[in-house]
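Sequence annotations record features per position, and here Swiss-Prot assigns compositional bias 'Polar residues' to 134-146. Among the features that Swiss-Prot reports, domain 'EF-hand 1' is placed at 426-461. Taken from Swiss-Prot, the feature Ca(2+) 1 binding site covers 439, 443, 450, and the record attributes it to a curator's inference. Taken from Swiss-Prot, the feature domain 'EF-hand 2' covers 462-497, and the record attributes it to sequence analysis. Feature annotation from Swiss-Prot assigns Ca(2+) 2 binding site to 477, 479, 481, 486. Swiss-Prot lists 498-533 with the feature domain 'EF-hand 3'.
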């Protein structure tokens, strides 16, 4: 029986070749002439034009097998499609691809590529250097549009302080970099979203406090007075008989021209808009007071200031209350004692002092101390630059004395820095406990002999000249006693406000009950420095 298959010429089994065998290159394409020469077909069978069969661009090169090179399985082997002497094309090509992706087999970069890489690296470094210089110049030109004598005198002191904090910021930068390598990408995204949410919440908090300040101090319009028109009401009541169903006159007729209410100030929104906003914290050994969120405002029109406290109850309830009433205040200690606060006294790290007896609304824990000390942690730098441009303040000779005081403390701190390098934590914690033992009265004040004894016990000896100079600066009131917290901050130094803000934030996270104290075991549970660069390096 003869079988006729339309469209495909039938060939004998002996003429069929194995399926996987490549004898022609991959780019070879079929033509109708080659097909007709090799296989003649009857005239009734239409010709197949295989020249239009072309690979698509998205197909892999090894997935296309031309029909001329594709061999059907040999009839002599019924166990497999591949003869023992042949290798499957796909396996051969995949092995070849695996060899190509091994990094060790990659060719070395050419000199041209190396040159381009060095040029690109140099351009990036130069661009970043110029960018940093531009930012520094802009900041310097904005802040020091008119260089004050304070900046000219204590330039050396400021440079020493920057050199002292450079190591800390460098370590922090390394820790952040190491943290970026150690954390997962999901953790990075989650941390970035959390940081953005915290920034938005902080800005919203400041806006709420600023609005409350405006509401409290703006001149309100006179609405009504419960005692207004009292004489008119009495006259009309003489002629009209009392009626229980009739609405009283004080509710029926309200006029404003005879009111007795008078506004105490003429403040307007435009006047109050010229203000400097800053964040502050209380310098105290009481943990609850130290964690209070304070936001202050200094008004340039009358050199007055006010401080508000932001309180949060739970997640949704908040309250803004005045902590220091709006008034004109003066320094209560230091070289500027008795001098009125002005714009130059407000900067990050500045200390504002108030008499606790002048503010009856303060908490009892703060009233126990004679002075209330507030440290400025953050400030609106844009508003400060704008207000400094508008106002021309004259510096006095006190700036020179304050600069010399900072240089005295800086010299003592440099001497003690080497001794505190390897055992700083133990010395600081031990020194604090020792001061508490010496403080029999519990007010935090110690005399000169106690401080000398403490320095000797912890092997922190300083020269007699430096100690006397520091004592004269700290004992400004002349009563022979100094707060041991101020003494420790003066001779040893303290953390900058940027880093201390993170410490306060971590403390408030652990102190969820707002008790003002955290057990050391809770700190050990949460504190982990294994990802810090110095810990990793050993």
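Each position is counted from 1, following the chain as shown.
Any Cβ shown, glycine's included, is placed from N, Cα and C.
Recorded features from Swiss-Prot, shown on the structure.
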residue	record	DSSP (3 states)
439	Ca(2+) 1 binding site	coil
450	Ca(2+) 1 binding site	helix
477	Ca(2+) 2 binding site	coil
486	Ca(2+) 2 binding site	helix
Output, ordered by sequence, the same-chain residues six or more apart from residue 481 (Ca(2+) 2 binding site) with a CB under 8 Å from its CB, or 'none'. 445, 446, 447, 475
Of 477, 479 (the binding-site residues), the residue whose Cβ has the fewest other Cβ atoms within 10 Å: 479
Judged by the number of other CB atoms within 10 angstroms, which among 439, 450, 486 is the least packed of the binding-site residues? 439
Counting only residues 6+ apart in the same chain, whose Cβ is under 8 Å from the Cβ of residue 443 (Ca(2+) 1 binding site)? 369
For the domain 'EF-hand 1' (426-461), what are the DSSP-based totals of helix, strand and coil residues? 23 helix, 3 strand, 10 coil
Proximal residue to residue 439 (Ca(2+) 1 binding site) among binding-site residues 477, 479, 486 (C-alpha distance): 486
Neighbours of 439, 443, 450 excl. site residues, C-beta within 8 Å of centre, Ca(2+) 1: 435, 438, 440, 441, 442, 444, 445, 446, 481, 484
Using the recorded Ca(2+) 2 site (477, 479, 481, 486) as reference, state which further residues of the same chain have their Cβ within 8 Å of the centre of those residues' Cβ atoms, listed in sequence order. 445, 474, 475, 476, 478, 480, 482, 483
